[in-house]
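Undergrad: Pulled these features from Swiss-Prot for this protein:
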REGION    2-107  region 'Head'
MOD_RES   SER7  phosphoserine
MOD_RES   SER12  phosphoserine
MOD_RES   SER28  phosphoserine
MOD_RES   SER32  phosphoserine
MOD_RES   SER45  phosphoserine
MOD_RES   SER60  phosphoserine
MOD_RES   SER81  phosphoserine
REGION    141-150  region 'Linker 1'
REGION    151-251  region 'Coil 1B'
REGION    267-414  region 'Interaction with NEB'
REGION    287-294  region 'Linker 2'
MOD_RES   SER289  phosphoserine
REGION    295-411  region 'Coil 2B'
SITE      ASP353  site 'Stutter'
MOD_RES   SER357  phosphoserine
MOD_RES   SER360  phosphoserine
MOD_RES   SER423  phosphoserine
Amino acid sequence: MSQAYSSSQRVSSYRRTFGGAGGFPLGSPLGSPVFPRAGFGTKGSSSSVTSRVYQVSRTSGGAGGLGALRAGRLGTGRAPSYSAGELLDFSLADAVNQEFLTTRTNEKVELQELNDRFANYIEKVRFLEQQNAALAAEVNRLKGREPTRVAEIYEEELRELRRQVEVLTNQRARVDVERDNLLDDLQRLKAKLQEEIQLKEEAENNLAAFRADVDAATLARIDLERRIESLNEEIAFLKKVHEEEIRELQAQLQEQQVQVEMDMSKPDLTAALRDIRAQYETIAAKNISEAEEWYKSKVSDLTQAANKNNDALRQAKQEMMEYRHQIQSYTCEIDALKGTNDSLMRQMREMEDRFASEASGYQDNIARLEEEIRHLKDEMARHLREYQDLLNVKMALDVEIATYRKLLEGEESRINLPIQTYSALNFRETSPEQRGSEVHTKKTVMIKTIETRDGEVVSEATQQQHEVL
């Protein structure tokens, strides 16, 4: 690990632990820490003291560095110029000594606070080390497990699930075959149903034709009955006419007999009348016999036609009844087949839904197990990363502890130095050659303290510390 990385790691870890306030400025040497000045006040007071630290580093000649050192020691906003060999006033030296003592006192207080914070920091480091040990034990325990056994268990469960999926696939294939067979039976039954429907339509057409024939025969029978009635009426009329003619002839005969009796001289017409009567009776008997024969023949023909039509109608009715029975039986069979088909389709859908739900459940179990495996792997990787991070933090903390130990040792050695009092300051002149050779680096730290109360600035003080490197 390089020195730059150690420095940046120390600073970042310190800032994470103690925050940005306080501490050591970047770029300052280990032997010269700079502590912030904090104002002191009572708890609950509305006044506050703000400390600002300004750090300036520059390279100058010997005379310029000495002038800057003078300004830093005096702590004033301006640097008075003195000639060579000129001595400072004792009051100014006492003020400088008093300021130095105050600074040392404040540094002791701040160092005590820093020691307390450092003790808290050490306690936190111990706590982190305990957590690190616990996590290391957890990681070792996790490493000590048998991951192959878990993998074997998961593989066994996956094989069992795959076997169940194959069984369900075979069952589904068998159900598909049964469904295809049922569909074939359904198609065959549908074809048979179509044939039966066609036969039913043909029977209905034949029945309609028979009904037309029956209607025609009924109309013919009614026509014949009407004709028979008309013939009967005609026969009755002819009989009545014949009787009227006979009565007229008899009346004529009686009149002729009376005339014959009255006129004895006229020829005898009785024989002629008897002949005429005989002729008319013969003609009437002949007409009556012919009418009866014609009526009987027509009645017999109509009776035969009616019997024939009645036989056809009876046969048609019988066939219609048979067709109706067949249609009813076929309808019942079709309804039964439809019920069977519906039940089979319902069973098939239920089986498909059950198999689909079971397959989805198995897929969910597989996905869940894979997710658990992935989660365990991620958790193991996370524990390893946390362990590595804790190791890095531990190394950084060890480095910071060593650094703070060096800083504390340097601060203790600096505090134990005797306090120098300056009663007089001697200045010496340097030649340009010496000025050119006395080039060094001076570090200037400006501490500006602003006291505010209720948002208003009450007092403001500026302090400077110079250090020549």
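Note that the numbers count up from 1, one per residue, in the order the chain is shown.
A Cβ is built for glycine as well, from the same backbone N, Cα and C atoms used for every other residue.
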Undergrad: Across the region 'Linker 2' (287-294), what are the DSSP residue counts per state (helix, strand, coil)?
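TA: DSSP composition of the region 'Linker 2' (287-294): 8 helix, 0 strand, 0 coil.
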Undergrad: Is it possible to list how many residues within the region 'Coil 2B' (295-411) are helical, extended or coil according to DSSP?
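TA: Computed counts for the region 'Coil 2B' (295-411) are 117 helix, 0 strand, 0 coil.
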Undergrad: Helix, strand, coil: count each for the residues of the region 'Coil 1B' (151-251), based on DSSP.
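TA: Grouping H, G, I as helix and E, B as strand yields 101 helix, 0 strand, 0 coil.
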Undergrad: Could you give the Cα-Cα distance between SER357 (phosphoserine) and SER289 (phosphoserine), in whole Å?
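TA: So the alpha carbons of SER357 (phosphoserine) and SER289 (phosphoserine) sit roughly 98 Å from each other.
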Undergrad: Round to the nearest Å and give the CA-to-CA distance linking SER289 (phosphoserine) with SER360 (phosphoserine).
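TA: A Cα-Cα distance of 102 Å.
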Undergrad: Near SER360 (phosphoserine), which residues of its chain come within a Cβ-Cβ distance under 8 Å, counting only those 6 or more away in sequence?
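TA: Expected: none.
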Undergrad: Return the count of C-beta atoms lying within 10 angstroms of the C-beta of ASP353 (site 'Stutter'), excluding that atom itself.
TA: 10
